[in-house]
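Student: The structure that follows is given in the form of structure tokens.
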């Protein structure tokens, strides 16, 4: 065997390249050829020579022992045995040594002709079908036509045609087949992968590239153009990887054999073997290859050979990718064998199973129990577990102290658990924290560090306050313990991961270690006041006196008393009298002085705020102590108060019967209206549901009122709810109000369930009847099923989010951008959803912010907006602030600190190296799982709110209308609004400042006019909440056109009343569309209305109508039950940038609406701008139009119903609008569930979705049209080409060619040279830069298109990503987190930042000594000019 250099791979590489393997490379990495299909000898269990497990090729099976046993022991290391040829070395080389198989005929690699896009096919310009025919030996392909007539390259021939051709040529040109292959006259046609190999060798990439580029630019047919561009991409990737890739390497002549220990063969008892599938696949290849060798040697007929060659091709195919073939090779029990590709793919593949998720040593797991007496940073660790985890440290100490001499005896002592080890263990554990982790780890607070305390027993003790972060409870949860070993790891655990440092939630900056349950209840109980009890109204000179009085039993803990206390006012400590209670004094003993005196009832919310302010004012250490103190107080007081409840505490209000009676009466009235035919079936349904929702709401209010006054508010059930310890209004309503309306079971999970109109009137205290119970079960079970299914969805969403954003790291302090986002407060109707304060807090301002009234500068440009400044801005008249945002950050890699703003987990500006991408992904993904787990708590109750149907003024002011068209109703005192885009503003009568903005729905009744003054509480407008309507704007006679029974409408008679109604249906005759017209006495048409599908026509043909009368009602969809079950898919839809199922058609310009004629079931609508530009849209008749003729619309206004697609927003309103749209829409889904997540997390993800642009016109750059590239790459390429010239006519120049791109300088030199020689000079034009349009990618696509191929491959579609990367010869620069984890490097973030790698940590004295030596070295005089003194590190 040839001498081989040790090729250990160093682990300090900084990039990885993937290319096609050439046959030479495979041979270079191989240790020998595998010739036989045998694996091991079944009697001796020794590997067969030259077989798949051969020791000569792959190395010895036992450490330092050759096959025949001549050389044993380590002293013969490196010797090759002269008898059996095995090198004496360690057995682990069998994990890294490769072999190879020499194939008799070349074989095409399945990845390159069976995956889409078809690489070999695109290079040769052959369709997949033809390619398969060649590769699987069905057709000959002409490689060089030579003298043959009527044939060209790449023509396919059947066998007969081929043989005929050969005979013909032999007749006309004798000896043609004996010419050299290089002779252009020779006719060459081949079959199988050999033919493909020859063709690929002959491919001239450059000429194909020029030809295709030309075709893409000039071809008129769109299809041929796309085809050319697709082929061009494959050709260009090969050109880009010139020098490392040759096209013919897609056909293999040598196959590598992976090391035997990676495809083990294990003998089981009973003489059977368990083996890896790969061995079977390799065996088939070797058997077929050997058989083919023999057949060729004995000169078998062509037919037999061809069959054998085809079988070899198939064997190799199934070795590389068995799942891609239609006829996969199956094992004995009909299971497809696992090929090489399958072992990379999926959750069980190499990437996800072994590289990204490894099992680690020094870990333990056990059940958790609560440890109420622990401090915030401590956890209880069972003794036995600790002894095992800290074993090496204990052994070292045992030897150091001289208790034992050898490691072996020390091990025995530890294993026997001798008493001497316990105090050593105590000593070793000091300052050596452990990491606790609870699965599923949904966010970074799922792993925290604690200082362990030894405890008896076998369960881990966990601090009760850190349960929220872990989402742990003590009903049998288990947790894992990990031990950090190196000093750096211990330091990081102590300084960054200690539980007492992780008090804030990175998702929203609110404290996450908030007391819950018992603690809250205890604190709430003692801080609640109770009038008229012992000691009410007493006055004390200080807290001490009050405490003494309490201890003496002179004053009750709840009694309102007056006390002098110290309080902070404007930063000063002052003594003042407050009305408070002994309980509140107790709490304030623990509240840090700087926070001031807390004088309120402490519920969960109040506690969260207090903890937040303690952190801001006093820092983390104080907060940790404060938390422990109130935890102890809370537990103690909950115990002292004896706060449990019995059945009598669950009160049922006396008004219940009366309210239910009211409900019945109202429903009866509705049914009567319905049977008289005043209202439609849907209206009846909606009104009934509404009635019961109202009744239920009123009952709840009565109930809560009664509970809160029961026993002076000290009703246990009420206290539990009010403090936020347990239970919600909903649950109490079900306990003692009524269960309310339930959702109907429905078949598909698509649309929200309808609601059963008979409510459940009983509550749980009274007990449900059998029917009620039966109805209830559906909700409960649906909840449980949803939970199980949705957890997986949420987990998958998190995974995609992490994958798309894991390389977003803070890379620099300031990217220097001048752009930002204009931020205002978010309103829905009238309610502020997110205040300006919340949205700008902790962000960086783009400009100086100046107070409009005083003219002071509040915040300078580039400064963080802190709490105080944000509050000033909130209180001032400033409406909008421009803030720096991740969305506008211009860093090439990652984002910059100024654009990100404050790190929510620390409340300070974010530092370089913070992994904001992963934090964003976790913050968004974690509540997804939480929320889906919460669906069943409300038991499927239909929680829809009673619909509003009128607008009351909230202010005194003057009304202003914009774009209002209204008609006076004939016989009433109001107007009816007939315009669609009407805005109503209420302005302050004195200053004219707008107080409120409202949109007025079409068809609403209007009770005031422009400029009227309104008082607070006046009803301005009123509308029908259940129906959209069409109102007559003129008086006249009604006439219908195109309203034909069973073509455009059907009569529906109501089951109960027998009244008939016309309902417009989708027109069966596409030329006909239903219209309603109003005509005057002379038969002139005054107004024309088109009737949408599903409309109920209220009037009949020939009826006289008055102004403002309703002609048509279009029922709005029925009340749906809400669950985040609707929410999660919505979030996914937004992040994947999917188009909704029925998208709205949107106007692209501002303009006036005109109606055109009908075309094939579509109505044509034109929008004409003021400048006369016209756009036409075709809208299906089945869709409801949202605009009327002559309406004025703005760009981006939907013309038909449906959701607007993000792509439309991007195209019409630009990137900023679509970014804001996605962020706000996703936020809405989470807000609906009451989950707070900071905007910046969504911005990080949306930034990643908008990284890429699509090339519209490549100009003279290297890009292709329709190619998708990174924004920054386009900018760089355009900068590179800027100012350069393109040669049009090379003149007499020897150097330049036409089409070449040159710098102006080179051109000047060349032309001046030509001028001197009086030759023709070079003509040029300016180089054209590329133009590109921004595109929006879904997170899955964005993740698959990251720069790093390793990150993409480990995410999804592994084989596709890898084979495309290999063709391009891609280099992975290991910039993200995943790639580095896969390579086993430290991640380039946090403490692993590449800048810190070169840091040398030394003692100060050593450092000064070293610099002094360096200085003296540098100051030695030399002949050369003195060196500049290097700045000291």
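Any Cβ shown, glycine's included, is placed from N, Cα and C.
Here Swiss-Prot flags 66, 68, 81, 84 as Zn(2+) 1 binding site, drawing on sequence analysis. Positions annotated as Mg(2+) binding site by Swiss-Prot, on the basis of sequence analysis: 473, 475, 477. Swiss-Prot lists 815, 889, 896, 899 with the feature Zn(2+) 2 binding site, giving sequence analysis as the kind of evidence.
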Student: Work through the binding-site residues one by one (477, 815, 896, 899) and name whichever has its CA nearest to the CA of residue 81 (Zn(2+) 1 binding site).
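Tutor: Result for residue 81 (Zn(2+) 1 binding site): the nearest of the binding-site residues is 477.
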Student: Counting Cβ atoms within 10 Å across all protein chains shown, which of the binding-site residues 68, 815, 889 comes out on top?
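Tutor: Sorting the candidates by Cβ neighbours within 10 Å, the top entry is 889.
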Student: Within 10 Å of the Cβ of residue 66 (Zn(2+) 1 binding site), how many other Cβ atoms can be counted across all chains shown?
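Tutor: Residue 66 (Zn(2+) 1 binding site): 25 neighbouring Cβ atoms within 10 Å.
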Student: Quick one: of 473, 475, 477, which of the binding-site residues has the smallest count of other CB atoms within 10 A?
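Tutor: Counting other Cβ atoms within 10 Å of each of the binding-site residues 473, 475, 477 gives the minimum at 475.
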Student: Report the residues of the chain - excluding 473, 475, 477 - with C-beta within 8 Å of the mean position of the site's C-beta atoms, for the recorded Mg(2+) site, in sequence order.
Tutor: 368, 472, 474, 476
Student: Per residue, counting other C-beta atoms within 10 angstroms of the C-beta, which of the binding-site residues 81, 84, 896, 899 reaches the highest number?
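Tutor: Comparing the binding-site residues 81, 84, 896, 899, the most crowded Cβ belongs to 899.
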Student: Which of these binding-site residues is closest to residue 68 (Zn(2+) 1 binding site) if you go by CA atoms: 475, 477, 815, 889, 899?
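Tutor: Nearest in space to residue 68 (Zn(2+) 1 binding site), counting only the binding-site residues, is 477.
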Student: How big is the Cα-to-Cα gap, in Å, between residue 889 (Zn(2+) 2 binding site) and residue 66 (Zn(2+) 1 binding site)?
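Tutor: Residue 66 (Zn(2+) 1 binding site) has its Cα 63 Å from the Cα of residue 889 (Zn(2+) 2 binding site).
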Student: Using DSSP with the three-state reduction, classify residue 896 (Zn(2+) 2 binding site) as helix, strand or coil.
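Tutor: In three-state terms, residue 896 (Zn(2+) 2 binding site) counts as strand.
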Student: How many whole Å apart are the CA atoms of residue 473 (Mg(2+) binding site) and residue 899 (Zn(2+) 2 binding site)?
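Tutor: Computed Cα spacing between residue 473 (Mg(2+) binding site) and residue 899 (Zn(2+) 2 binding site) is 38 Å.
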Student: Compute the mean position of the Cβ atoms of 66, 68, 81, 84, which form the recorded Zn(2+) 1 site, and then list in sequence order the other residues of that chain whose Cβ is within 8 Å of it.
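Tutor: After dropping the recorded site residues, what remains is 55, 67, 69, 70, 71, 82, 83, 85, 86.
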Student: Hey, how far is residue 899 (Zn(2+) 2 binding site) from residue 477 (Mg(2+) binding site), Cα to Cα, in Å?
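Tutor: Checking the Cα atoms of residue 899 (Zn(2+) 2 binding site) and residue 477 (Mg(2+) binding site) gives a distance of 40 Å.
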Student: Between residue 66 (Zn(2+) 1 binding site) and residue 896 (Zn(2+) 2 binding site), how far is it from one CA atom to the other, in Å?
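Tutor: Distance (Cα to Cα, whole Å): 59 Å.
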Student: Spatially, which candidate from the binding-site residues 84, 815, 896 is nearest to residue 477 (Mg(2+) binding site), comparing Cα atoms?
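Tutor: That would be 896, nearest by Cα distance.
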Student: Rounded to the nearest angstrom, how far is the Cα of residue 896 (Zn(2+) 2 binding site) from the Cα of residue 475 (Mg(2+) binding site)?
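Tutor: Roughly 44 Å, rounded to the nearest whole number.
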Student: Provide, as an integer number of angstrom, the distance between the C-alpha atoms of residue 84 (Zn(2+) 1 binding site) and residue 896 (Zn(2+) 2 binding site).
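Tutor: On Cα coordinates alone, these residues lie 63 Å apart.
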Student: For the Zn(2+) 2 site given as 815, 889, 896, 899, which other residues of the same chain have their Cβ within 8 Å of the site's Cβ centre?
Tutor: 812, 814, 817, 884, 886, 888, 890, 891, 895, 897, 898, 900
